[in-house]
């Protein structure tokens, strides 16, 4: 049973080809992470999957009636737009106070309902966006670099929350990230993207794939190397581990 | 309807009608930074006035056609993702200039251009009132109907797409609403000042509110106060009515800002 399938997708921005020959499927309950260098088409792929970009070729097939919760990379709320968190949660579908409370608790920010969205910290805002995405009881949660601007403990906590939500609700999760080491540990499957799907599979498999190493290297920048390292030579890293 | 026999009452009702629709619509203009769109549509409308005079059709028809055409052009351009400011400016001011020149070529009666540039609210007749309130009601109903979708699109195109909302369609609805308000407001404040009636009440309302809905209501209310106050003040001091309405709105904005600052 497939939630959403991408078949032979090609995306162009004007004359530039951003993505080509991308084929992937998502199954219920799995956590899949897309990694790739800047400009590799990660966000474009997500945007095509939610219907914001029309593919130049290929198609996106959603299971009929699929409920998607989307967490954007950032929310640029104009300062002239007054908006409490509570009101924000009722967009586009009005929700009850009880529903709103459950979603905020699940996302780890139970106290912020009366606050103005514009006054939230980066971490709080990400969690409010997550709460809003959870309100439709999604079968698939799509997150575009959800921890951008968070420090390392902050993003680690965020990913733990995602895993907890998956366990609790059984929803599938598709996310884009650049924090390879954190993300790899939390994913069932990793897709390495650079204009096309370079390699794909379990985090360990992808980590040892030559295509992946070519992109991210094997030094400290290649977080996968770090990830593997931590399992064999933990003492080398001192307190950081 | 003896009440409507007084030109002052008609003027007050006309101003109120435009202000009530311009308040909520103006909020979207502020939130989405569409002020320039409003100006461009309004300026182009003077060409519609000239065409209507030349073709001897009702002014409103000419104004509405050109305003809607301009709105569609703006919507189409903004979808192309290019820098539209320059092109918009070229179109809007060219339309304004051609309109002004075209009026000079019209044979027969000399036309009082000031009436179209700054409004002529004291000459509002019963039919005008009907048109103004009809247009205002149409736009308000449209905004109320699409409210949730319009707000979601305003927060971000991707958020809208993910919720199954087409943000381009919502943008089109706003742009067309803007054209309707501009066209029916010509009699009230004229093409040069309608943008003020959209922006200023919304900006003043922002100081006191915490949700989009209260901002829309407050903007309508403050706009209504400005319209009624403006008609009264222009009567008391014998000043041009359209500009007086905008002056009152500006004073309300200044007061709102001062009160907010003073109150912390």
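Each residue, glycine too, has its Cβ placed from N, Cα and C.
Among the residue ranges B:148-175, B:176-203, the one that TrEMBL annotates as transmembrane segment is B:176-203. Take the transmembrane segment (B:12-31) and the stretches B:43-76, B:88-106, B:176-203, B:215-235, B:241-259: counting Cβ pairs under 8 Å, B:215-235 has the most. Listed stretches B:43-76, B:88-106, B:176-203, B:241-259 were compared with the transmembrane segment (B:127-147); the greatest number of C-beta pairs under 8 angstroms is found for B:176-203.
Away from its own ends, the transmembrane segment (B:241-259) comes close to residues 11, 15, 118-122, 188-190, 193, 196-197, 200-201, 203-205, 207-208, 222-223, 225-227, 229-231, 233-234 of its chain (Cβ-Cβ under 8 Å, at least six residues beyond either end).
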